[in-house]
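Chemist: The structure under discussion is supplied below as structure tokens; questions concerning it will follow.
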Ligand code: SF4
Ligand code: SF4
């Protein structure tokens, strides 16, 4: 079988990519990012702001059908929307995907569109970070137009960044100076955002962008008077945490889903791997983590002293965990059985029917699939062919 | 015919409600496309070349007239007025809109139908012999077993996210009309030395890019052990099957890589464990199901109307001689209605045609219809006295094509016209071959022949088991058609052999013509079919007909 580079951890791939492309020009970095197997599925994320056209143009020269994600916060200037359409047509981009917040999320959290006045972080979370996070779920990497000169927080920016060990972020323009951007636009006769001429060198959402005076930092017009520098999409020095800037004390916790609802994990004794299961007698309160490729036969005779088994779901499409659960039950395991990882609300009934007691999900999944969606499948005992066929209905 | 009980009814309604909610969550964004994909696939909704496609299950191919009329209604309301019957005994609608799909599903639920598990990496709609319950050579009607498997596999909590799709076929007769050796699991009913009926269990067959003949994993399985044994096979596969490479994920590869002995040992061990979980409730359910499939009350009466039409009307005679099959009751016949009119799209039927077929089934056919994997519609029980009247009505509906089993009764996958994976057109090739032999008026002379066409290596058109198989590929942007010879999907299963270099689009029909003219010259009398002649003579003379230049010693430009 050919070697699949995507099996390497993100950090290793990023280090390798930075070493390999250190001395390349922006265009070359972009071209490689679109084709290097170590990068994977990739999209360009663009605000169609003042300088976005540069990367969009580079992309269109290499591959017009590469996906471009445009985040429409529904707070943008009308000029941005028309400019977006104009640029996409002029460059012949064929896969521009507009990304927006979910209507019910907006209805629930910012019904009047005034959240930005009370809490810009919360507003950006709602309108940018979460929609983008959802859209990026389908990708292994994304391309941004960030540059080192744009601020102290970006001064050490590399071409490739490790985003939370989950994705690669590619910054082909990292080393560009302001003049490079201008030159590129002039040389390639690229259309300008109409607001630039009106005094907005950096353009975001209408309520949060103001003009800057000549000589002022171009980004000074963004979130003027606030301490905010980044909108939550971009993070600080590679150590990435999604969402609002983290408050130290609040480590996001995984959620435990049971028939009763969401709850905190009440198991506090930690977990060991299958190899660490000792003699059954000496560990009455043992909890074991099983990867999805466990051979259940290897656990024969070891199940006695185990209180809790947690089966990993690396992806919702990996259904091995369901058979593992059933098998453990058939082998006589009566303790707590938990599915952990990428399990969807729609799989809750399957998990329960296969023998799991509970499901442990990440904060991200918890946010995206609230309890009502799980509750819809909590009646897992009804409409079940299996219990009829086994006489257990 | 099986009738939904309250449980089935509630189940299907619940699924419609769930899927409607999932569609809404997709539209509002709480499900990403990646997450929605397997959920829509579990409900038969594909994303195709031009639009969504909804694939509706016709379990083991059996329909009543009410269901057929509803399929017509859906074709009119939510599609362009027709439906496409497939080699999986399903019907596909090629143009539904996402927001309409919940309505389509509830219209299906109104007539006890659904689209559950017609796609996705799960156990698919079970297929069976389209002559089940009527064929003269049958040990037992396989459909009650197929229905039991349908209930067991529906929403099976362990098996919704298998490494790859999983297809099961059942036949109740030793003459295999369900191609069981080309399925992930094939079940063939046989008798043991004591005359007891049971199943020969075959595993790991499949066509696609790596065609493989299924291997016998259990030579004789008592009927009562069916579900635990199936569960053992699928759970072993769920853990052992490869998930790193989609092209190596089918159970045929698992069996090939691990060896049938290893797989058998694992399955037998798992079976012992699984069997304890079934306490006989499945058998009680089975006997209820069986009752629902009891043969209709066949009517008794003279068949003179048939005999005189057969003697006096040559058009009727031609149709009767090709489109009727022997029924277990000598006063009856099995009617196959051809959806292969030369020049039309194989397997397509308009809403009006579906209604005519429903009416005919209701009036003359004990209210039963079947969809065959050869993409035709079967009326399994028609008293011979009614055949002339039925034939006249078919003529009026443009459904009287007399070509079952002949050169123009071609299986073709959707190919480039509908399928996003296609590398070549397949429907137009089928149409042109059919039209050409219609002009030549040779179809009856050539006799029984199965031509099967796939538009890409995935082999949905079953070309590997066509007497003549045609595989459309893309060679540097140009369609190129490879021919395989000698395939056979019956109990004498064989995978066709590649004849040689491929043909361009405009060369393929003339090539088939040369091949068949050569057969007419080579055969040992009218009785020897194409397949028999091929088996007797080997590929040599047929290749010579396909590649005359090569024969003359010049290099054939591929
Ligand atoms: S930039 Fe301003 S308006 Fe736009 S999402 Fe952030 S806070 Fe809200
Ligand atoms: S064989 Fe290929 S072209 Fe034909 S339907 Fe299957 S996938 Fe599509």
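Keep in mind that glycine also has a Cβ here, set from the backbone N, Cα and C atoms.
Among the features that TrEMBL reports, domain 'Phosphoadenosine phosphosulphate reductase' is placed at A:42-210. Annotation comment: TrEMBL describes A:123, A:124, A:205, A:208 as [4Fe-4S] cluster binding site. The active site, nucleophile annotation in TrEMBL covers A:231.
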Chemist: With a 10 Å radius around each C-beta, find which of these binding-site residues (A:124, A:205) has the fewest other C-beta atoms nearby.
Modeler: A:205
Chemist: Give me the long-range Cβ neighbours of residue A:123 ([4Fe-4S] cluster binding site): same chain, 6+ apart, Cβ under 8 Å, in sequence order.
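Modeler: Once residues fewer than 6 apart are set aside, residue A:123 ([4Fe-4S] cluster binding site) is near A:75, A:110, A:115, A:116.
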Chemist: Around residue A:208 ([4Fe-4S] cluster binding site), how many other CB atoms lie within 10 A of its CB?
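Modeler: A 10 Å sphere around the Cβ of residue A:208 ([4Fe-4S] cluster binding site) contains 20 other Cβ atoms.
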Chemist: Could you check what DSSP calls residue A:123 ([4Fe-4S] cluster binding site) once collapsed to helix, strand or coil?
Modeler: helix
Chemist: In DSSP terms, helix, strand or coil for residue A:205 ([4Fe-4S] cluster binding site)?
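Modeler: For residue A:205 ([4Fe-4S] cluster binding site) - judged by DSSP and reduced to three states - the answer is strand.
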Chemist: Taking only the residues in the domain 'Phosphoadenosine phosphosulphate reductase' (A:42-210), give me the average pLDDT of this model.
Modeler: 85
Chemist: Please check the binding-site residues A:123, A:124, A:205 against ligand 2 and give me the ones with CB under 6 A, sequence order.
Modeler: none
